[in-house]
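If you check TrEMBL, you get these features:
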TRANSMEM  82-99  transmembrane segment
TRANSMEM  111-129  transmembrane segment
TRANSMEM  141-162  transmembrane segment
TRANSMEM  174-195  transmembrane segment
TRANSMEM  207-228  transmembrane segment
TRANSMEM  248-270  transmembrane segment
TRANSMEM  282-300  transmembrane segment
TRANSMEM  320-346  transmembrane segment
TRANSMEM  353-375  transmembrane segment
TRANSMEM  387-407  transmembrane segment
Amino acid sequence: MNEIPSQIPAALLTTDHVVRIDGATTNTTNSTHTTTLHHPVLDKASPEQLSHEADESQAAKNKLSTAAKTLQVLKWFVKDQWFLLAMGAVVLVSSQVQVPASQQRIKRTVITYLAVSVIFFINGCTLDTRVMLANYMRWKLHIFVQLQCYLVCSAATFAIVSLCATNPRFMDPWLLIGFLFVGSAPTTMSSNVVMTRQAHGNAALTVVQSVIGQFLCPFLTPIILQMYLSTGSWYSKVLQRGSGYAGIYQRVFMQLGLSLFLPMLLGQIVQRLFPKTTKKVFFDWKLLKLSSIALLTMVWQTFDQAFSSGAFEAVKPSNIVFIVFITIALYMIWSAICFTAASLWLPKKDVIACCYCCPAKALAMVVPLTSVMYINIDPVNQSKMQIPAIIFQAFQVAIGGIMTIGFRKWIKPEEEREEAEKLVEAGGRN
């Protein structure tokens, strides 16, 4: 018996004693009918094998856990940032297929009025009238926001344009002028409100600031632009002054009346007459997202027009790349200045609203201003002048969408504290 049998006899498995087989010990127990073998060779190999199997099992679990976490993060990102992904798809579609040139004017008019009307009708249905009126009375905050929007932003833009203009061969003069139009433009209406809602900020304050900014635009923007363009710089000499201010006022106030004031008023009336129904439709049924869809149609309209006119083909690729980086830098700088200044004296919800109002610019105001303020500009140069505004609008929506994640995390403790206080107060009443 110098070799270990390949199989243990069945009798050994049923007897209640210890059997020795040349150094191997077998413990058997009648009560459990199990056998434990101890052998020097087996004892040496068994722990290593068990350890290897344990490592493989743990590695498989870690791999599955990592895959599950990655899938969870992707699901969260798609659900949370669906608007950003949809905007990328819209820009891609508009770059491949455009509306015929003969239909561009009709498309622009319909979407500009209809999409903005949808957004502000929903705001009227969902914002409390008393809150709106209370925000209109905050004149110090109006001065704070409008000064940053018109003066701080335009001054920073003029500084960058002046640096770029030191080399006349570096950038097209129409692009430099377009940048000045962007810096001097008022805050936008639609994307501001949508993003403020998504970030859990004070949407009523955003609506109020948007209305005030759009109202001031025909009076302040031409003056600010003329101040910067009257410095005698080489790039400003390509312009010829127009005399169409009446056209600016007519267009701006007609758009404000039909696409902003009237839908807001109708929305407020609907909310007062059917408060429970409006709450159920827009909050329970999630139709509040129609605002985001309306904003997507405006983004599509803007890029469809830009690609249709061939504006991007008329500019050097290096200039486009530079505009993209400067746009991102300007938006982040303006946002940082606004956030720092507003955090010193405003509550968090108001800070969020200000951070969306101050750096954002209204393409709907820039385009008519470039068409009316200066005359005898050929279509190609007209498109060049609008490129900075088009690119800025795309990135302000994209960056604003990403910022909603940070703002929601920042304001979450305050929201939880307010919710707890409401529960305690409700419990005390009961």
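For all residues, glycine too, the Cβ spot is worked out from N, Cα and C.
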Rank 82-99, 207-228, 387-407 by Cβ pairs under 8 Å to the transmembrane segment (141-162) and hand me the top one. 207-228
Under 8 Å between C-beta atoms and at least six residues away from its ends: which parts of the chain pack against the transmembrane segment (207-228)? 120, 123, 127, 132, 135-136, 141-142, 145-146, 149-151, 154, 158, 161, 180-181, 184-189, 192-193, 245, 248-249, 252-253, 256, 260-261, 264, 353-354, 357, 362, 365, 369, 373
With Cβ-Cβ distances below 8 Å as the criterion, list the same-chain residues six or more beyond the ends of the transmembrane segment (282-300) that contact it, or say none. 83, 86-87, 90-91, 93-94, 111-112, 114-116, 118-119, 122-123, 125-126, 190-191, 193-194, 197, 393-394, 397
Check the transmembrane segment (111-129) against each of 82-99, 174-195, 320-346, 387-407 and return whichever range has the most CB pairs under 8 Å. 174-195
Contact count check, CB pairs under 8 angstroms to the transmembrane segment (320-346), set 82-99, 174-195, 387-407; argmax is 387-407
